[in-house]
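What follows is a set of notes on a single structure, which appears directly below.
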Amino acid sequence: MSPAPPTAVVRTGTRIKALLTHPRLLLSVKTAVAVGIAWIVAPLVPGVADEYPYYAPLGALISMSPTLMSSVRRGAETLAGLAIGIVLAGAVIIFSSPNVITISLVVGAGMLVAGSRYLTTGGEYVPVAALFVLIIGGQNADEYSIGYLVQMSVGIAVGLLVNTLVLPPLNFSAAVLQLTQFRSELANHLDDISNALIESWPPEHEEWANRAGTLAETADRVRGAVGHADESRKFNPRARLHRRDLEKDYQDLADLESITFHVRSLGKVLAAAIWDGPIPAELPESLRKPMSDTVHAVAEVLRLRNAGDSIDEAVAAADESLRVLLEALDAQRDLDPSSLSPSASVAMDLRRILAIIEESADVTQT
């Protein structure tokens, strides 16, 4: 049998590495470890709590989350929800007795409390705790409540400890990757527009005209990735060793969102000029080539920004292309000024995009 091609071996190794380092697999392993430790520790808890050891693994399971911050929040809100549910059940036991009416009323009240904005993840345990105490606790509701709350606390504590000690994830690389892909998507979109401007009209390729919504969705996804990276560093001991300026990432995201606004704006204007959109727009043939060159030059600046290279020369080339476009626009003196407003609008959007890039990258003016 002939040996596997080197490329196939490398590809297989890459897939295996990606699988072994996948955040979900790490979370699954840590959850299994935390549940096992909680089950071992639970019988060692003194007092009546040792009669309810099965709640410790449940607490460990509930507390496990991809980030330490979300684990702390989820654990704290779950305990708060349990305590409130136990108090509601206690009120029934003190002032009445468990029956169809009181149990239904308590569960209904628990559902109302569960909707509080302060219990975003633990609110669901308010009616659950109340119901368990009244139905399972029965005559030993006080002991059951103590055992339930204590063992859940033990499990949550174990879960937080495991999540802290066993490679708490930092999601910086995912945020960087999303920002890079966002720039690439904007650059590719601008290239499509640039090509459409120099094709025979109407252009055959019109996918770019329907991609405005996709760009907005990408912006939302990237914002979520940066926010997740920000949350992953809170309470995370690894954040001290792997420092990253997330404020810079937030600023990059804000810049890309502003660029997206202008890209969508110029795209709508050009689409209206090409396919007679709801807003009348004209684009003189003499302006299409210099406009295409400018759009392509701006796309190249975004692409170079991703590569980490100096973009000074690319920005200078884009500024020069924009200057040529503006001169061509000024030369159209024989045309009605209103017919030039779409071209002027596109030129202004391109100028704003370049201004955003120059300011964010601290480009050296030549």
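The backbone N, Cα and C atoms fix where each Cβ goes, and this holds for glycine too.
Non-local neighbours of the transmembrane segment (25-42) in the same chain are 19, 50, 53-57, 59-61, 63-66, 151, 154-155, 158-159, 161-163, 166-167, 169; each lies 6+ residues outside the stretch with a CB under 8 Å from one of its CB atoms. Residues annotated as transmembrane segment in TrEMBL: 25-42 (among others).
The domain 'Integral membrane bound transporter' feature in TrEMBL is assigned to 38-162.
According to TrEMBL, the transmembrane segment annotation covers 54-72 (among others). Residues 23, 27, 30-31, 34-39, 41-42, 45, 78, 147-148, 151-160, 162-164, 168-169, 171, 228, 231-232, 234-236 of the same chain lie 6+ residues outside the transmembrane segment (54-72) yet bring a C-beta within less than 8 angstroms of a C-beta in it.
Only residues 6 or more beyond the boundaries of the transmembrane segment (79-112), in the same chain, are considered here, and those with a CB under 8 A from a CB of the stretch are 118-119, 122-135, 137-138, 141, 145, 148-149, 152-153, 156. Sequence annotations record features per position, and here TrEMBL assigns transmembrane segment to 79-112 (among others).
Taken from TrEMBL, the feature transmembrane segment covers 118-136 (among others). Tertiary proximity for the transmembrane segment (118-136) is limited to same-chain residues at least six positions away from its ends with a CB under 8 Å from its CB atoms, namely 73-74, 76-86, 88-90, 92-93, 98, 102-103, 106-111, 144-145, 148.
The transmembrane segment annotation in TrEMBL covers 148-170 (among others).
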